[in-house]
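**Q** Below is one structure. I have some questions about it.
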Amino acid sequence: MRVLGVDPGLTRCGVGVVDGVAGRPLTMRGVGVVRTPPDAELGHRLVAIEQGIEQWLDEHDPEVLAVERVFSQHNVRTVMGTAQASAVAMLCASRRGIPVALHTPSEVKAAVTGSGRADKAQVGAMVTRLLRLDAPPKPADAADALALAICHIWRAPAQNRLQQAVAQNRLQQAAALHASKTAAAKTAASRTAAAKTSTAQKGRTA
């Protein structure tokens, strides 16, 4: 599985590509940051992020895009910018038919370090170790993007099993509902036929 992780942000949007499957060594295929000038107009910054993400999609052709789920923060301006960058990344992937997975920061930290409260230094250190890198990726946004990709690869099997179980349960419920409706229709038809027979018999008797 090849996953492009995206740590969304207006000024620095971290991107990282990881190959691998759960339970086996992972390989980094690329890591970097899409940057935009803080003093540029918002629309121009979003276009720059789109172009940057598109280049990464063209170059690495990922099977899945893993994006950090945006949560409300005290700085509303910051969270709005993060959400806008996240939306651009999801749009780029969806336009190509690439599935998008959202992971919370605590989920990613727990998957990579074992603690949902790990700091950026701990995340960077574990990413370096797991991907057998010489040094932690810089800036932290790049390391976070790789952590997102790692998290998705490790959690994908469990998520797939859950989705399959949910889908199977829905099929079973639909089959049971169909059987119930069919039985009810047969019962109604039998009652109608019986009523018609009874009426006919009464008519002949009269």
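Cβ coordinates are placed from backbone N, Cα and C, and glycine is handled just like the others.
Quick paste from TrEMBL:
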| type | residues | note |
| --- | --- | --- |
| ACT_SITE | Asp7 | active site |
| ACT_SITE | Glu68 | active site |
| BINDING | Glu68 | Mg(2+) 2 binding site |
| ACT_SITE | Asp141 | active site |
| COMPBIAS | 185-200 | compositional bias 'Low complexity' |
| REGION | 185-206 | region 'Disordered' |
**Q** Count the other Cβ atoms sitting within 10 Å of the Cβ of Asp141 (active site), across every protein chain shown.
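**A** There are 24 such Cβ atoms around Asp141 (active site).
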**Q** Between Asp7 (active site) and Asp141 (active site), what is the CA-CA distance rounded to a whole number of Å?
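**A** Asp7 (active site) to Asp141 (active site), Cα-Cα distance: 6 Å.
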**Q** How many Å separate the Cα atoms of Asp141 (active site) and Glu68 (active site)?
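**A** Distance between the two Cα atoms comes out at 11 Å.
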**Q** Same chain only, sequence gap of 6 or more: which residues have a CB within under 8 Å of the CB of Glu68 (active site)?
**A** Val6, Asp7, Pro8, Ser86, Leu102, His103, Thr104, Pro105, Val108, Asp144, Leu148
**Q** So, in DSSP terms, is Glu68 (active site) helix, strand, or coil?
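**A** It is in a strand.
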**Q** Determine the Cβ neighbour count for Asp7 (active site): the number of other Cβ atoms within 10 Å of its Cβ.
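**A** Taking every protein chain into account, the count is 29.
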**Q** Where does Asp141 (active site) sit in DSSP terms: helix, strand, or coil?
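**A** DSSP call for Asp141 (active site): helix.
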